[in-house]
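See below for the structure under consideration.
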Amino acid sequence: MSIGTFIIALPHFIIGRYEFETSVRWVVNSTLNPSPCPVGSPTDLTQDGKLPQVPATGCEGDSNLSMWIYVLLGNVLRGIGETPVQPLGISYIDDFATEENAALYVGCVQTISVVGPVFGYLLGSLCAKIYVDIGFVQMETITITPSDARWVGAWWLGYLIAGVITLLSAIPFWFLPRSLPIPGPQGSEQCTPEQTSFIKDPHLLKHKYPADQNTTFVEMAKDFIPTLRTLLGHPVYLIYLCVSIIQLNSLIGMVTYKPKYIEQHFRQSASKANFLMGVINIPAVALGMFSGGLLMKRLKLNIMGAARFAFGTSLIGYILSLFFFAMSCENAKVAGVTLSYNSMDSISYDKHSVFTACNSDCFCSASDWDPVCGEDGITYVSPCLAGCTSSSGSGKNTVFSNCSCVGVAGNFTAGTGQCLHKDDCDRMFPYFLALSVITSFIISLGGTPGYMFLIRCIRPQLKSLALGFHALATRTLAGIPAPIYFGAIIDTTCLKWGQKRCGGIGACRIYNTTAYRIAYLGLTLSLRTISFIICIPGFILLGRQLRKEERNAVHGALANGGTELEALQKEEFVISNSDPSQQTADNSTDRETRL
């Protein structure tokens, strides 16, 4: 895991320094500032709205190997390292803890596993405030702030810190014993009737290989496929697996893009969004998981009770999540993007043109993103497209003047950065955070009962395999695809794309907030709706299975009682026909004991 984490941070040291598009220069003498409005005409641009310029210097020397390969390789190594920890650890707890304490212990482990993301988000918030090339550039020359869409934080620093911590945490694992003593008899006699009922007990499911016996890979492989077929052949486990995959698709997609959602809808910086996720949202999830385990112990829920509890909490959270559709604020007013130059009154997401009569004398590029805030409260894509002809000052204090598109007179000024009108967002944002915390807490209440349902519905011999296959299926079918298709759908709502230094589409600068909200929340809740529908046949099958096992248990008890009664009658018949002198008090005591 540590090696994989270091590999993920490797691209930062390969691709060189980050260069963002800007017309602001760091110069001591402001009289040397070039004019933001070069002499020319928009008709000289290419059909794509780009300046006919040669590629930036240094593009020829760029590596042909895509940087995402390093990220993929690092995550593969991390996945290999972390996969055994959770399934085998949970299985160990359930083996060596009493039945009433197992739910509480699993809840504690699940809670502690959520504490990690808390520190991760806090570390990410700290790194997002630090410029990506910290230590390699003079910070006085950086003319953008963390609230700017072009800002890139020191993402690689968090991976270096996490890699070192992971390496240190590996040390205690070397001190674990090779094998652990078994406190009591392990076998079918220790299983509850619910456990023994779910998966049949063919000969291949027995403890064929003791823990201390060395077996070859071929011998284990021969039994793996039949055992896996038996595991997947049980309908309740299979339905639980499908529901988990669909719900985790919804959960992972929601959590992955929630900070981005906060940035775009409530105009918060990436640093603040990560900080709020770590300080407010994630602790609510941890508290919910711990409370779920505690409630399960207090209420002494069986398999059906745990399933109903998990379903009920998820349904309540689903209903509360519908209120998120009403919580948003309007997008920023950007000339030529969200509103037209001719009508500056209302926001419209129709196709607009950044070129108009007020900037027709300027030789501007439509692909650049160098926003300035005019005195009229409107954001312009660049000082050139605002029609500004001169500038004064340097760095973040640069002021553009004689802007022909700002105001009617055409002699207004503009400052660097977007206009921050957050009055409506600041009023709505606390309600969004409060509802987000409540929803996260309620949904996470069912996390531990749901996990205990997975453990209880299988035989102990298949516990590790079932947990491992569950982890494999959810990570493969939910952890990998969910961020990909969530991101692809969200990108369809982009209104303005950035441009890479060597050409090609870069990051999205501004989104259509209405379409973003519908796509993000709609996809999240649609997946959860599908999971609820699949739960219906699961409850039906679970109820039938439990009723069947109750009948079998009653018949078995009656059969055992009849056999014991017949044996007792035979014993009394033998005693009555024997010599009376041999009927001692010990025989009477023994007979009473048997009765």
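Backbone N, Cα and C define each Cβ position, glycine as well.
Taken from TrEMBL, the feature transmembrane segment applies to 154-176 (among others). Residues 1-3, 5-6, 8-9, 11-13, 120, 123-124, 127-128, 130-132, 134 of the same chain lie 6+ residues outside the transmembrane segment (154-176) yet bring a C-beta within less than 8 angstroms of a C-beta in it.
The annotation transmembrane segment is assigned in TrEMBL to 237-255 (among others).
Residues or ranges marked as transmembrane segment in TrEMBL: 275-295 (among others).
Only residues 6 or more beyond the boundaries of the transmembrane segment (307-327), in the same chain, are considered here, and those with a CB under 8 A from a CB of the stretch are 247, 292, 295-296, 301, 428, 431-432, 435, 438-440, 442-443, 445-447, 449-450, 453, 517-518, 521, 524-525, 528-529, 531-532, 535, 538-539, 542. Residues or ranges marked as transmembrane segment in TrEMBL: 307-327 (among others).
What TrEMBL lists as domain 'Kazal-like' is 352-407.
Taken from TrEMBL, the feature transmembrane segment covers 428-454 (among others).
Taking Cβ pairs closer than 8 Å, the transmembrane segment (466-490) reaches residues 79, 83, 86-88, 90-91, 228, 231, 237, 241, 244-246, 248-250, 252-253, 256-257, 260, 454-455, 458, 511, 516, 519-520, 523 in its own chain, all 6 or more past its ends. Annotation source TrEMBL lists transmembrane segment at 466-490 (among others).
Annotated transmembrane segment per TrEMBL: 518-542 (among others), in sequence order.
The feature compositional bias 'Polar residues' is assigned by TrEMBL to 576-587.
Positions annotated as region 'Disordered' by TrEMBL: 576-595.
Along the domain 'Kazal-like' (352-407), the predicted structure has mean pLDDT 80.
If one looks beyond the transmembrane segment (275-295) by at least 6 residues along the same chain, the residues whose Cβ comes under 8 Å of a Cβ in the stretch are 103-108, 110-111, 114-115, 117-122, 124-125, 258-259, 262, 268, 309, 313, 433, 436-438, 440-449, 452.
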